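*Asks:* Quick paste from TrEMBL:
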type	residues	note
DOMAIN	29-110	domain 'Manganese/iron superoxide dismutase N-terminal'
BINDING	His54, His102, Asp187, His191	Mn(2+) binding site
DOMAIN	117-220	domain 'Manganese/iron superoxide dismutase C-terminal'
Amino acid sequence: MAMLRCLASRGSSSTKLIAALGCLASRQKHTLPDLPYDYGALEPHINAEIMQLHHSKHHATYVNNLNVAEEKYKEALAKGDVTAQVSLQPALKFNGGGHINHTIFWTNLSPNGGGEPKGELMEAIKRDFGSFGNFKEKLTAVSVGVQGSGWGWLGFNQEQRRLQVTSCYNQDPLQGTTGLIPLLGIDVWEHAYYLQYKNVRPDYLKAIWNVINWENISARYTACKK
């Protein structure tokens, strides 16, 4: 987030505060991104009702609450109220993570998706997991195994230069909590599937592979290697 990048600027404490306040004052509010396809485009794998509620209600709530939290944080900075700044961190993490995660998620899906990746991404998957089938089984198992709400992820470890599969709870953002660069995220909060698959998360995970956008994930992989 722009606000958090500003807080990381170099210089004295007063200089940092001025820079952060200036960035907060001038930044635009976060907005709900448009989907690159219609709500019904992923049917029969994910139905239109789920997509509409998930995008226009759930994601929108994260965006709205993130803007509110950042406004309160701006006020706390201006007052030098460290206690308020600390108390706002959970809201920033939860709603900021929700916004980041869903913005990635929508582009990871496509009505023309499914199948297997090609090129460098497929080579990397075979190198790090043995085969595409092994990778698919591992990410599915990790996603099924999330207790409560969270995400299954394929990420890129820049230090080790390899792909990794992991999970994050709630709306914890992958890069912010693990350092892995997000390539593919699978939302396993019940709001992502309950209206269609009830409480049978494995059926949802079986279906979602039919709409995975490998072109988007391959582009993310290429970009993070630079």
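From the backbone N, Cα and C atoms, a Cβ is placed for every residue, glycine too.
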*Asks:* Within the same chain, and leaving aside His54, His102, Asp187, His191, name every residue whose CB is within 8 angstroms of the centroid of the CB atoms belonging to the recorded Mn(2+) site, in sequence order.
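*Replies:* Neighbours within 8 Å of the Cβ centroid, excluding His54, His102, Asp187, His191: His55, His58, His59, Phe105, Trp189, Ala192.
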*Asks:* Where DSSP helix means H, G or I and strand means E or B, what are the helix, strand and coil counts for the domain 'Manganese/iron superoxide dismutase C-terminal' (117-220)?
*Replies:* 54 helix, 24 strand, 26 coil
*Asks:* Among the binding-site residues listed here (His54, His102, His191), identify the one with the smallest other-Cβ count within 10 Å.
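*Replies:* Lowest Cβ count within 10 Å among the binding-site residues (His54, His102, His191) is His191.
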*Asks:* Tell me the Cβ contacts of Asp187 (Mn(2+) binding site) under 8 Å, same chain only and six or more apart in sequence, or just say none.
*Replies:* His54, Asn101, His102, Phe105, Trp151
*Asks:* Would you mind giving the whole-number mean pLDDT across the domain 'Manganese/iron superoxide dismutase N-terminal' (29-110)?
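*Replies:* Value for the domain 'Manganese/iron superoxide dismutase N-terminal' (29-110), mean pLDDT as a whole number: 97.
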